[in-house]
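Notes follow once the structure below has been shown.
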Amino acid sequence: MLPYLIRRLVISVPVLLGISIISFVIMKLAPGNPVDMLIDPNTPPELLQAKKEMLGLNSPFAVQYWRWLSGLLHGQLGYSFSSYAPVAHIIGERIGPTILLAFTALLTGLLISIPLGIASAIRHNTAFDHTMTGFAFVGLSIPPFFLGLGLIYLFTLKVHWLPTGGMSTLGEAGGFGDTIRHLILPAAVLAVGIVGKKIRYIRASMLDVLGQEYLRTARAKGVRESFVIYKHAFRNALLPILTVFGTEIPVLLGGSILVEQIFQWPGIGQLTMQSILSRDYPTLMALNLVAAIVVMISNLLTDILYSIADPRIQYR
Amino acid sequence: MTEPLLKIERLSVGFRTDGGELKAVDDLSLTVYEGETVCIVGESGSGKSVTSQSILKLLGRNGIIQQGEIRYKGHNLLGTSEQELRRMRGKDISMIAQEPMTALNPVFTIGNQLLEAIKLHSKRRRREAREYAVELLRRVGIPRPESIMNDYPHALSGGMRQRVVIAMAIASKPPLLIADEPTTALDVTVQAQILQLLKKLQKDSGTSILLITHDLGVVAEMADRVVVMYAGQIVEQADVDALFNRPLHPYTQGLMKAMPTIHTQTDEGEDRLISIPGNVPMLNHLPQGCRFHPRCPYSQPICRQAEPPLAAGNDKHLVRCWLTIPTETIQQAAGGIAI
């Protein structure tokens, strides 16, 4: 297992390098540049030129990339073009809220979709099953921005139970309860999407397992039905489910861009949006790197979990 | 004779399908006495597995027992609550499944699955249970049982897995063992070993075995009595010697002829196997009259018109065929159907 992990980590280095080159190229090819975004267009061109020179935007492409890369190798992610704060510091500030949001959504999604998916499979082709499949379809098809606005309308404007956005009430001490109140709506929007997708996966995976011969063996031994389902069947149904939950983490990160925007959640998603709009190259490069690392780590994590869950899979 | 261990009476089992309810087992009666091996023989789709699964009500969601009684030691299993039935499964009646490759749960160790079977029906402590599990594995002929306990099923060969399944089935010393094609998926040499093992276990503990098979070789090896099934019905039932010496039903005769032997020769002197023409009829397209008549070389007009009864020949040899019933009897009963 350990040699396998080391190999996987070593392989990831050239992959990350490739990703960084590609994203650098795409970023540079995109129209507009940071100076145009930052400064009033009526400023004299000499000043704009000086500003560009200062930010190092006049050097050849390869030199700019090399500067970024050697900075990275020295542990420097550079400074933001728009706020002049160290990028590492900005991201460090934003990553906490995003992790909180993503994992609340993932956990909620799991806790709802697993029992419902299993129940749906057990009651295959009954009214309950059809209702669940219908709900899953709605959850899957409803656009997050629409759901988000709908929830804000309902829970904030109509019944005044929850805040419209942000992470804490302005002018108050905040605290745990306050954060939770702000977390509910954005997490719910992300969770609905997860539940919609996962109910179907879990149902299908469970249906596959329910026809297996070893369940008859278990029943023939005298195992009680709940054990047959939750011990014998679910452990096997878990295998394909694990794979899709692993890939769900990067999707959550992408989904949070929209949701964080709607609910002004001060996380990575919102930062990404702001950085794109202001062509903040150093921040964007760092965000790309973070996203690539998250994808790789979740894939690796999935593989490791898979080998733990399924004894037939061994990595050498 | 004493009371039978298992007595199935007039059992009919149906399956819900998109095209309505299909009758997979029709009016089946059989008995298994203590220490006896009864074989159910038939082709795929004859209803033999369904019969075995309905005994412990393990038919799956689409199976329905339509009528009949299944008595175990005089106790009607069909009237028994699910909870009570669960306590009987594995303790009074055990099942050995057809496919050793899929009968064990791939994500749990052999020890885990064996211990589960042991602990469900006994109050052994952890260590005792483990020792007993190792002992069981040794009894079914598994080498290095201690280390096998920690292995997962995928590490074992088909024959070894079937031995594990048997070890699980005999863990609580059940008086009745139902084995559904226990050797079908195995190599011939391994088949012989598994059959020997079952015989030995039966001799040691006096277990009754209800053995489902399509292999007449297995029947000859194992059975005391034989039930031949065709399209959901019993067509012939007899002691093993009587059946092999004088098969009465044309289907049984066909099965015997289809059995390869070293001396198999046709009339022309060629070494060719004889087969029964045609296929087992679909349950939703059963022929009128005798269910076997479209494939029967001796088919008569009456065979197409009326279903023959399962009637006793000499001794306890039962057969469902018009040819074995004297013409006068038929004419009386049928009121003048031309033969």
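Glycine is treated like the rest: Cβ placed from N, Cα and C.
In TrEMBL, annotation is done automatically, which means it is predicted and not curated.
As annotated by TrEMBL, domain 'ABC transmembrane type-1' applies to A:95-302.
Long-range contacts of the transmembrane segment (A:9-30) within its own chain (CB-CB distance under 8 A, at least 6 residues past either end) are made by residues 61, 64-65, 68-69, 279, 281, 284-285, 288-289, 292-293, 296, 300. For A:9-30 (among others), the entry in TrEMBL reads transmembrane segment.
What TrEMBL records for A:99-122 (among others) is transmembrane segment.
Taken from TrEMBL, the feature transmembrane segment covers A:134-159 (among others).
Residues or ranges marked as transmembrane segment in TrEMBL: A:179-196 (among others).
Summarising the annotation, TrEMBL assigns transmembrane segment to A:237-263 (among others).
If you look up TrEMBL, you'll see A:283-306 (among others) marked as transmembrane segment. Within its own chain, the transmembrane segment (A:283-306) is flanked in space by residues 5, 8-9, 12, 15-16, 19-20, 23-24, 27, 68, 72, 77-78, 80-82, 87-88, 90-91, 95, 239, 242-243, 245-247, 249-250, 253, 268, 271-272, 275-276, 313, 315, which lie at least six positions past its ends and keep a Cβ under 8 Å from the stretch.
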Intrachain residues whose Cβ lies under 8 Å of the transmembrane segment (A:237-263), provided they are six or more past its termini:
98, 101-102, 105-106, 109-110, 114, 118, 144-145, 148-149, 152, 164-166, 182, 185-186, 189-190, 193-194, 197-198, 201-202, 205-206, 208-209, 269-270, 272-273, 291, 294-295, 298-299, 301-303, 305-306, 309-310
Do any residues of this chain, six or more beyond the ends of the transmembrane segment (A:99-122), have a C-beta under 8 angstroms from a C-beta of it, and if so which?
128-129, 132-133, 179, 183, 186-188, 190-191, 194-195, 198-207, 210, 229-230, 234, 237, 241, 245, 248-249, 252-253, 256, 259-260, 265, 267
Given a Cβ distance threshold of under 8 angstroms, which distant residues of the chain, six or more beyond its ends, lie next to the transmembrane segment (A:179-196)?
100-102, 104-106, 108-110, 112-113, 116, 135-142, 144, 147-148, 151-152, 155, 162-163, 165-169, 248, 252, 255-256, 259-260, 262-263, 265
For the transmembrane segment (A:134-159), what are the same-chain contacts with Cβ under 8 Å, counting residues 6+ beyond its ends?
165, 185-186, 188-190, 192-193, 195-197, 199-200, 203, 255, 258-259, 262-263
